[in-house]
Amino acid sequence: MYTSHEDIGYDFEDGPREKKTHKPNPNIDGGWAWMIVLSSFVVHILIMGSQMALGVLNMEWLEEFHQSRGLTAWVSSLSMGITLIVGPFIGLFINTCGCRKTAIMGGILNALGWVLSAYATNVHYLFITFGVAAGFGSGMVYLPAVVMVGQYFQKRRALAQGLSTTGTGFGTFLMTVLLKYLCSEYGWRSAMFIQGAVSLNLCVCGALMRPLTPNETQSKKDLKNKDGERELKLPLSHSTESIKSNGHLNKTEEKEDGPVKEEMLSNSPAPESKGKDKVQHGKNMYALRILKIVSQLTIRVRKGFWDWYSSYFGTASLFTNRMFVAFIFWALFAYSSFVIPFIHLPEIVKLYNLSEQNDVFPLTSIIAIVHIFGKVILGIVADLPCTSVWNVFLMANLSLVISILILPLMHTYASLAAMCALIGFSSGYFSLMPVVTEDLVGIEHLANAYGIIICANGISALLGPPFAGWIYDITQKYDFSFYICGLLYMVGMLFLLIQPCIRLKEQPRKKYMEGTHV
């Protein structure tokens, strides 16, 4: 839907249909594709990395506004949740404007949200400026960054996605250190203002997202030539009419319309009126161009909306794919288990009186660093011909569930660090999510399908941190929140495990029915 045959990577030469040959696009799996990976890598640093480091700002907000942990956690969860929840709606922007323009607009909106949040007077103000504005801007950049990598790679998709999404780990480590330094030196308000300026680099990342349209330049030239010919025809026809109106008529017309000619000559316009006619003509041409642009934009928006609508609610609905629906249910429960440690670990460490050790090397930084290696290693393993991406994905999920359930039992810095390292490595499966999604629905539906998946993840991220905060306000412990989220995570995994079994049972039945029809 988002990609034509050029986008997939093949240039079709002009000629008869029988003799059409195709050659691979040099930018597929190489060339500009690595610039797309770099752009996506920086996007993950500035968006996902900064969101995973919000635990630093969360403690500052608790001290500044003196609100409950559950209410204050809504600021971080809104930002992370809306970034992912708006995924399906960002698909409409991509259909209409393309990935590049969508990402640039999102970068501006994200930076504006950070800057406005520096002037917050209460938590509810942050809900709007940081949670909604910055979150929506992040979503407008994040989805195009993931989709573009999927379009530019075919053979090494898992590795490319793994390398680009390692920006989350690097960003979490860098942004945690940066925000801590800025908050201690300048205060949290100045820190958010500076971070807003840094976020403008998202516009540069969006500018690098060049679409895969190798024949675009030639088609644009053809359109320009056609427009030039149309514009030339208009002045010519107008000039002939003006010549006739000024009395330069041929002999036949002169014989037939002698009195009319004399009247026209007597009423011939003066030089001043000619100048006015030229100005009026210029205004008419300008108005026609504006109407042409508006009509083209209207057609483009209608087409983009129809493609977006038909993908979700039309005959080619993604929800008819039962395996994809099971994948959505998994995403609804999975992401909160990964987000809660990032938001609440700084305070958990403080409750365990481990702040001094954590200041030397934060536990969230351990998750971030190991997360980098997890994404790269899992991406390499998934690309091996002897392994299945699906099996690697499931094993990583199982490991993450176990580590989440064990984490509340650890009360020393060393044991917490070990569990955080396991969480960081297991969560490397995020690099496989676009690959698994593409295998389920195909490259043409990747943007819409992945938008739905990250929307489900966004709902999980939106509800997870406030839920953990409320559990603490009731029980004065974070342990129960980890147990409940871990159990819900296991329920989501059951949806993924049940569907292949149902499919295997249905295959012999279909073969039998086909045999009976024969």
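Including glycine, each Cβ sits where the backbone N, Cα and C put it.
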According to TrEMBL, which stretch among 1-24, 217-240 corresponds to the feature region 'Disordered'?
1-24
Any idea what the model's mean pLDDT is for the domain 'Major facilitator superfamily (MFS) profile' (36-504)?
78
For the transmembrane segment (162-182), which partner among 32-54, 74-95, 102-120, 416-437, 480-502 gives the most CB pairs under 8 Å?
32-54
Stretch of maximal Cβ-Cβ contact with the transmembrane segment (126-150) [cut-off: under 8 Å; candidates 32-54, 74-95, 323-343, 363-382]:
74-95
The transmembrane segment (188-209) and the transmembrane segment (32-54) contact flag, 3+ Cβ pairs under 8 angstroms:
yes
